[in-house]
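**Student:** Dropping a structure here in structure tokens format, bear with me for questions.
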């Protein structure tokens, strides 16, 4: 039967990509359906109970800047907050939060249920409705037809999912959930390039069976950072400690002895696993010279005894899992609540996508999350928001939008996937961004919120808060510029101990802040005519802008040079096979990938600077030929 209502956007899957996609589309004002096989698992943290980290928190902040849900849900559920790389420069600082699974899921569910224009429905999607080659809805397992203008697939690890524990395996999307077999088969019949990837999770431990006195405590920051620009510390639940233990030679011997029953090392699993989150088996093989590995013992929440031992993801047989867990200090009597496992699943080559995340082979169909070969909640959420936004724009017959590499880590993520593809689960790092001094986690709102408002993503409440913050930054910068310190005054005497040489002439507070030994707090109250303290988000922006002005200016110049090249479009009808001077390999890649711009072509693996120059020459000749025709 046909469902009585017709939708503009249907989102399939209720994980981190799906929830952000559905919320984004609904915020755009279009009628949106979120379809999940089980609405009790919406927003579930399937693996580690944490949000953020190096590179990842930048994505979370960008989601937040565009009014997404992840950052605020983290503030409402975070039970430990830390700033990573706090002693390094602002470009690579990152916020990481340990989250209470139950509180996080509840925060996401609350957001979904109270979002205008969004409907929820519990059913598995088994097929697509296709009209004239375009996606026009989905058919569920019970035969209900949901019609729509666009479809966003965020299937996670569910497409053809197979769970492995030792040499035993069974079909599953994750532990306790069925896989999506019918939809996987339907998608495989379409002209998409499909392959298999693998990820894994560690066994979960009962905290009552662990001796924490034998471990190193790892508390959060004394002043816990806030994840959302709209969040505050008062939102945070009770804060608790994590702990650290280590593997040892005995642990490694146990693992080596079990390798003959490892699905990874006996060829049972063919999918490639994540390079930067390897299983404990992988660590022992790849880092054979190391006799110990650090393991982080992370509580799963405030109302559960369950622990997540971060660092021992494994698909070894359960008897080996028991032995290896109990070989570690403090875990000698550990009781495993859930076994660790690996899961193998289908993913689709992201080079078959447009930059909007719409598929090239089927108009109206968008992919987001692990289906595109990424790993991580943050990467999934960011893609979901972009796919939901662009599905809504397409439903409204408006042009798509994707941030550039110099505008957002989301732009880096999408460009990497589409220009280079991936053969292993893709994880975001700050090192992937050329312009990371501009793409900091602290300024994501300054980069994206205005654009989000223009697109229709950003609420009145967030927009008002953003405008207030932006104005405060301008006012405080102006105050520092116009406030002067002269020698032999109480103000000068208070700041001189911080300087290498005392003040000998008049300085503005802005110039003083440029000094390497001076931080904002040193000058905040000098010549301060303000009624109340400056908000820490405001003072942070002021300080970074002053301290790094020269570097930021140089990056802006680099970006402008690249942008001139970025805007050089490569027409769809270019016949690369007839271009003289290009190697056959480059011709093949350009024909297959059809990059939209010269800059996009330059980022394709194997496309040399010389080849880019040849393309530019060809475009100029083509333009001259057309003018004279």
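One-based numbering along the chain as shown.
Using N, Cα and C of the backbone, Cβ positions are placed for all residues, glycine too.
Note that the structure is predicted; figures quoted are calculated from it, not measured.
Pasting the feature list from Swiss-Prot:
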- 13, 14, 15, 16, 17, 18: FAD binding site (BINDING)
- 273-287: NAD(+) binding site (BINDING)
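How buried are the listed features, and what sits near them?
**Tutor:** In sequence order, 35, 36, 153, 154, 155, 156, 158, 369 make up the list of same-chain residues 6 or more apart from residue 13 (FAD binding site) whose Cβ falls under 8 Å from its Cβ. Secondary structure from DSSP puts residue 13 (FAD binding site) in coil.
In this structure, residue 283 (NAD(+) binding site) is part of a helix by DSSP.
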**Student:** Going by C-alpha positions, which of the binding-site residues (275, 277, 279, 281, 285) is nearest residue 15 (FAD binding site)?
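**Tutor:** Considering only the listed binding-site residues, the nearest one is 277.
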**Student:** Other than 13, 14, 15, 16, 17, 18, which residues of the same chain sit close to FAD? List them in sequence order, counting a residue when its Cβ is within 8 Å of the Cβ centroid of the site.
**Tutor:** 11, 19, 20, 21, 36, 42, 43, 154, 156, 369, 380, 384
**Student:** Can you give me the Cα-Cα distance between residue 285 (NAD(+) binding site) and residue 16 (FAD binding site) in Å, rounded to a whole number?
**Tutor:** 32
**Student:** Measure the Cβ-based neighbour count of residue 277 (NAD(+) binding site), defined as the other Cβ atoms within 10 Å of its Cβ.
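**Tutor:** Looking across every protein chain shown, the total is 18.
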**Student:** Please give me the CB contact count at 10 A for residue 16 (FAD binding site), counting all chains in the structure.
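**Tutor:** The answer is 34.
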**Student:** What is the total of other Cβ atoms whose distance to the Cβ of residue 17 (FAD binding site) is within 10 Å?
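**Tutor:** Other Cβ atoms within 10 Å of residue 17 (FAD binding site): 34.
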**Student:** Validating a neighbour-count step here. Other CB atoms within 10 A of the CB of residue 273 (NAD(+) binding site): how many?
**Tutor:** 22
